[in-house]
Amino acid sequence: MLCGGWKRSRRSPEESRVSAQVAAPLAFPPSPASSDSSTKRPGLRALKKMGLTEDEDVQAMLRGSRLLKIRSRTWHKERLYRLQEDGLSVWFQRRIPRAASKHIFFVQHIEAVREGHQSEGLRRFGGAFAPACCLTIAFKGRRKNLDLAAPTAEEAQRWVRGLAKLRARLDAMSQRERLDHWIHSYLHRADSDQDSKMSFKEIKSLLRMVNVDMNDMYAYRLFKECDHSNNERLEGAEIEAFLRRLLKRPELEEIFRRYSGEDRVLSASELLEFLEDQGEDGATLACAQQLIQTYELNETAKQHELMTLDGFMMYLLSPEGAALNVAHTCVFQDMGQPLAHYFISSSHNTYLTDSQIGGTSSTEAYIRAFAQGCRCVELDCWEGPGGEPVIYHGHTLTSKILFRDVIQAVRDHAFTSSPYPVILSLENHCGLEQQAVMARHLRSILGDMLVTQALDSQNPEELPSPEQLKGRILVKGKKLPAARSEDGRILSDREEEEEEEEEAEEALEAAEQRSRAKQISPELSALAVYCCATRLRTLDPSPGPPQSCTVGSLSERKARKFTREAGTSFVRHNTQQLTRVYPLGLRMNSANYNPQEMWNSGCQLVALNFQTPGYEMDLNTGRFLINGQCGYVLKPAYLRQLNTTFDPECPGPPRTTLAIQVLTAQQLPKLNAEKPSSIVDPLVRVEIHGVPEDCAQKETDYVLNNGFNPCWEQTLQFRLRAPELVLVRFVVEDYDTTSPNDFVGQSTLPLSSLKQGYRHIHLLSKDGASLAPATLFVHIRIQNS
């Protein structure tokens with residue numbers, strides 16, 4: 001429980017006098033709603049707080065624009081697009097009426113806005129429109145790009161500039177400001193007659209919108225407590241008072257009282273005591289004073305180095321108060337070690353936007369992968385018409401894209417999110433002539449980015465480091481002299497994969513159509529400098545020095561077999577050489593495997609289908625969330641030491657205890673926005689992903705009919721043997737008695753980057769988009785034996 005005793009005040013008389021002036025708690029920063037024009041148009045309150053109500057571009061977006069939506073050479077449809085007054089969403093007209101939620105998209109879900117013919121769709125289908133009139137809105141997750149053409153270049157620019165301003169303001173918002181923004185957008189929607197007054201019926205509608213099923217009698221009592229005019233309508237300050245009551249955080253108030261005592265403000269020394277109890281390493285009085293200056297809202301309190309409840313809540317909702325160590329969100333690891341010492345974010349079938357049977361191939365898939373920090377992408381290369389190689393999933397109905405278009409996308413987008421090296425994993429099915437074309441395109445398009453020879457002064461027995469290869473692109477491919485099969489043929493890349501899969505999947509042997517044998521062109525072979533592709537059939541050490549520049553490829557099944565039968569040998573192999581693991585060919589729907597199993601053995605290039613959401617991609621996102629999301633994460637020391645004895649199947653006795661007290665959640669999303677009476681019954685599951693003996697999951701009870709501020713106060717405890725490898729996945733589900741629970745949100749974090757104490761967990765959707773302001777509030781304790 002959160003209950004705790006009072007603390008005696010240790011302040012001077014002057015501090016006590018000031019504390020009495022500033023102690024009154026607020027739920028928000030003071031609202032200007034009752035004293036300005038936003039009272040007349042309450043929906044504009046959000047834009048006013050963003051400082052954008054007078055912006056000409058935003059004003060034009062509020063009025064709306066008729067833009068052409070472009071899908072093909074013949075499909076050009078005019079649609080009305082209009083920014084909503086909440087500043088968070090854009091409404092658009094549809095030819096076929098659908099549910100209201102299907103007529104909007106949210107600014108926070110936008111990945112990028114590109115001008116001109118920068119998207120694949122506009123390059124192919126936008127020739128009839130001037131580039132200056134065109135723009136592309138690219139979304140996070142699986143939502144398709146929106147390719148648009150405006151009547152004039154100026155109107156296109158207004159949307160490009162306006163969306164950029166809105167995204168920048170949204171990114172700069174604190175969690176508390178997002179909450180304020182969020183609740184007022186629902187308030188505007190609940191005000192059915194738009195008279196800036198709220199009847200009890202409208203208040204009940206608001207409560208259902210924000211996922212609260214409140215007893216009518218209790219809701220009416222709250223309503224009447226705020227109805228100071230006694231006219232059965234709330235307006236202005238009365239509405240703000242109601243929202244303050246609604247958004248109270250009793251559990252935070254209890255923690256605050258423990259440290260602040262009777263006068264309800266924290267001095268710098270009391271805040272320092274809280275930080276020390278939190279386990280903040282190196283916390284000092286100066287740190288506490290700086291936090292007060294950063295997060296306190298009351299200027300009088302700030303001047304006297306005091307923190308009110310509002311400032312305390314602002315701090316706990318900030319990145320500094322979150323569960324993820326904010327120091328780990330930038331590049332903090334040693335980037336000067338050999339490539340084999342890092343986990344490297346890797347994609348399989350990167351070109352696909354859907355399944356590998358009939359999905360679409362697109363350069364946009366590469367752009368999205370790079371935006372997510374991916375550093376190793378796959379190019380499945382086949383003979384194309386007109387002497388130009390194409391990329392697609394061979395012998396299927398997937399569409400085809402030109403090899404050169406993909407290389408241009410690599411050139412333009414490989415280093416937008418990370419400066420560290422990119423590996424192009426070539427699956428080569430082309431003849432000698434088109435292989436030579438591939439080599440020419442790689443050299444001419446990538447230029448100096450492409451690594452074409454070994455680095456000067458580099459130890460030939462060791463791979464270079466990410467730091468040495470900043471801004472460079474490596475080719476993973478076959479190197480002459482090529483490996484030969486038992487009958488002496490030179491194998492194609494796909495045959496190698498098939499040979500391994502046939503060993504494990506003999507039932508498919510008759511159905512497999514084997515690629516014809518092909519040689520490797522000298523031009524393409526010369527580009528495989530540090531990533532020479534080879535089959536990894538055995539872990540027996542070969543005579544002579546280690547072949548550090550070879551990359552062993554193997555299926556998920558073969559990797560599991562190595563881990564089970566020769567765990568330590570596999571780990572040692574991966575201390576010096578790169579290993580790429582790919583999904584079995586049986587996964588026709590582009591499903592993923594559990595990457596944690598491969599990371600446990602030190603495999604660096606664990607390739608997943610980035611286009612397929614699920615817990616596997618959640619783990620991948622969590623693994624690479626740290627170190628600036630640069631796509632490289634340093635492996636634990638026992639996965640880097642040449643003579644390591646670590647075996648993921650036998651990791652030794654437990655040496656760490658993790659205790660997570662799940663306290664509350666805030667503002668969970670509705671699962672069915674079109675059904676007001678649909679309220680979630682949330683439960684929280686905490687999953688541990690690590691070596692097999694560490695894997696576990698435990699969950700709380702469910703809370704009936706409350707997605708707004710459910711409370712659990714339940715502790716879940718885990719004993720861990722290899723904590724450095726552990727990922728902790730927090731999952732919120734809607735409990736269902738008759739069918740599987742429905743997913744609400746999740747967050748996956750590396751244990752090594754978790755901070756102890758009272759922390760907020762910021763939840764993500766199934767596609768990885770932010771669900772702000774939805775959070776979990778937990779207490780974390782990590783004890784090492």
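In case you wondered, yes, glycine gets a Cβ from its N, Cα and C as well.
As recorded in Swiss-Prot:
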type: REGION; residues: 1-43; note: region 'Disordered'
type: REGION; residues: 69-97; note: region 'Substrate binding'
type: MOD_RES; residues: Ser101; note: phosphoserine
type: DOMAIN; residues: 178-213; note: domain 'EF-hand 1'
type: BINDING; residues: Asp191, Asp193, Asp195, Lys197, Glu202; note: Ca(2+) 1 binding site
type: BINDING; residues: Asp227, Ser229, Asn231, Arg233, Glu238; note: Ca(2+) 2 binding site
type: DOMAIN; residues: 246-281; note: domain 'EF-hand 3'
type: BINDING; residues: Asn349, Glu378, Asp380, Glu427; note: Ca(2+) 3 binding site
type: BINDING; residues: Lys476, Lys478, Ser553, Arg580; note: substrate binding site
type: REGION; residues: 484-517; note: region 'Disordered'
type: COMPBIAS; residues: 484-493; note: compositional bias 'Basic and acidic residues'
type: MOD_RES; residues: Ser492; note: phosphoserine
type: MOD_RES; residues: Ser569; note: phosphoserine
type: BINDING; residues: Ile679, Asp681, Asn705; note: Ca(2+) 4 binding site
type: BINDING; residues: Asp734, Tyr735, Asp736; note: Ca(2+) 5 binding site
Counting other Cβ atoms within 10 Å of each Cβ, which of the binding-site residues Glu378, Asp380, Asp736 scores lowest?
Asp736
Given the Ca(2+) 2 site Asp227, Ser229, Asn231, Arg233, Glu238, its other Cβ neighbours within 8 Å of the Cβ centroid, in chain order, are Lys197, Cys226, His228, Asn230, Glu232, Leu234, Glu235
In this predicted model, what is the average pLDDT of the region 'Substrate binding' (69-97)?
86
Other C-beta atoms within 10 angstroms of the C-beta of Arg233 (Ca(2+) 2 binding site) total 17
According to DSSP, does Glu238 (Ca(2+) 2 binding site) fall in a helix, a strand, or coil?
helix
Closest by Cα to Asp681 (Ca(2+) 4 binding site), out of the binding-site residues Asp191, Asp227, Arg233, Asp734, is Asp734
Given the binding-site residues Asp193, Ser229, Asn231, Ile679, which one's Cα is the least distant from that of Ser569 (phosphoserine)?
Ile679
I want the residues beyond Ile679, Asp681, Asn705 whose C-beta is within 8 angstroms of the mean position of the Ca(2+) 4 site's C-beta atoms, in chain order.
Asn211, Asp213, Val680, Pro682, Val703, Leu704, Asn706, Gly707
Does Asp734 (Ca(2+) 5 binding site) have same-chain partners at least 6 apart in sequence with Cβ under 8 Å from its own Cβ, and which are they?
Leu671, Val680, Asp681, Pro682, Asn741, Asp742, Phe743, Val744
Considering the binding-site residues Glu238, Glu427, which residue's Cβ sits among the greatest number of other Cβ atoms within 10 Å?
Glu427
Using DSSP with the three-state reduction, classify Asp195 (Ca(2+) 1 binding site) as helix, strand or coil.
coil
